[in-house]
Amino acid sequence: MAVAMSSTCPGLYCGRTIINDSFEGECGVCPRGQRTNYEKICEECSGSPELYDWLYLGFMAMLPLVLHWFFIEWYSGKKSSSALFQHITALFECTAAAIVTLLLNDPVGQLSIRSCEVKVLSDWYTMLYNPSPDYVTTLHCTQEAVFPLYTIVLIYYAFCLVFMMLLRPLLVKKIACGLGKTDRFRSIYAALYFFPILTVLQAVGGGLLYYAFPYIILVLSLVTLAVYMSASEIQVNTLCTVFFPHNAFYFIFKDVLKLFVTYLPQSFKNLVAKKKRLVVLFSHWLLHAYGIISISRLDKLGQDLPLLALVPGPALFYLLTARFTEPNRILAEGGNGH
């Protein structure tokens, strides 16, 4: 039988293509959108991505957006209005690129995709598993066994770059007049550097990122939150020390006052700055939740959903323990011989 003969195909990803529903071709690479089954027959992938697959795609889609926002904020200086418009434009660019990418992928014209199931890490690196049956001739069976998780990210990055080059220069030229001719385009220049880096990262490490991205999100979000809060001087307020000295609830009261009383804006400029801090804080909380959901995959809602209560934990821990690592306090106690 033809099916029995198909089992002779060597390697993990070599298979035979069914022709006219009865005959099979030679052992080789499966067409795009297909992968071999247990009988070494190329079958079309007709399944839908799992929740974890969508979370991975969301992570890869967030990378250029987060980098856009970082460099826009870094190079915008004190022109908050200019930075705001650029943030919105970057969000529009990435959103439009994601929609166009989904529409162009199979099935064309729909905001959905069909995919092959990811089974093992080697599915991402089929080029490393081309067999040599006679130890001389290599049978090339390199294919996208994780269709379309590998190429769809690269297509998305290409559209992000195209939309950025079409929209951002005109916007920056109009609204960033307060910056120098060189400074106003630096966020765009930065994107021209990090897009190739992201492309290489996906091409080389896509499989590793697929399994590691939940932990990468948690670690990076925790580190960046701690760095941001320390750089923003969110620390002990001496006013709280006066009202709640050596009190058991001192730490809770001082941090609440710090966030909701002492951070009240004194001017419109300060108002914008404080809003940015809240936006950064809530953004990190969303990243924490995203990482927790990615790790748990919400297989058991009753057990996994309570884990989301841990989201504010790192920020609260920092606020409650900041006074113990305040440099001025440490230096003062060291000078006193404590």
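Including glycine, each Cβ sits where the backbone N, Cα and C put it.
All annotation found in TrEMBL is predicted automatically rather than curated by experts.
The transmembrane segment feature in TrEMBL is assigned to 54-72 (among others). Within the chain carrying the transmembrane segment (54-72), a Cβ under 8 angstroms from the stretch's Cβ atoms is held by residues 83, 86-87, 90-91, 93-94, 98, 149, 152-153, 156-157, 160, 164, 186-187, 190-191, 194-195, 198, 202, 209-210, 213-214, 217, 290, 293-294, all 6 or more beyond its ends.
According to TrEMBL, the transmembrane segment annotation covers 84-104 (among others). Beyond its flanks by at least six residues, the transmembrane segment (84-104) meets 61, 64-65, 68-69, 72-73, 76, 110-113, 152, 155-156, 159-160, 162-164, 167-168, 171-172, 175-176, 187 of its own chain at Cβ-Cβ distances under 8 Å.
Positions annotated as transmembrane segment by TrEMBL: 147-167 (among others).
Long-range contacts of the transmembrane segment (188-205) within the same chain, counting only residues at least 6 positions beyond its ends with a Cβ under 8 Å from a Cβ of the stretch, are 60, 63-64, 67-68, 71, 75, 150, 153-154, 157, 160-161, 164, 168-169, 172. Taken from TrEMBL, the feature transmembrane segment applies to 188-205 (among others).
The transmembrane segment annotation in TrEMBL covers 211-229 (among others).
Tertiary proximity for the transmembrane segment (278-298) is limited to same-chain residues at least six positions away from its ends with a CB under 8 Å from its CB atoms, namely 51-52, 55-56, 58-59, 213-215, 217-218, 221-222, 224-225, 228, 304-305, 307-308, 310-312, 314-315. Here TrEMBL flags 278-298 (among others) as transmembrane segment.
For 304-321 (among others), the entry in TrEMBL reads transmembrane segment.
Within the chain, the transmembrane segment (211-229) has long-range Cβ neighbours (under 8 A, six or more residues past its boundaries) at 55-56, 59-60, 121, 280-281, 284, 287-288, 290-292, 294-295, 314-315, 318, 322.
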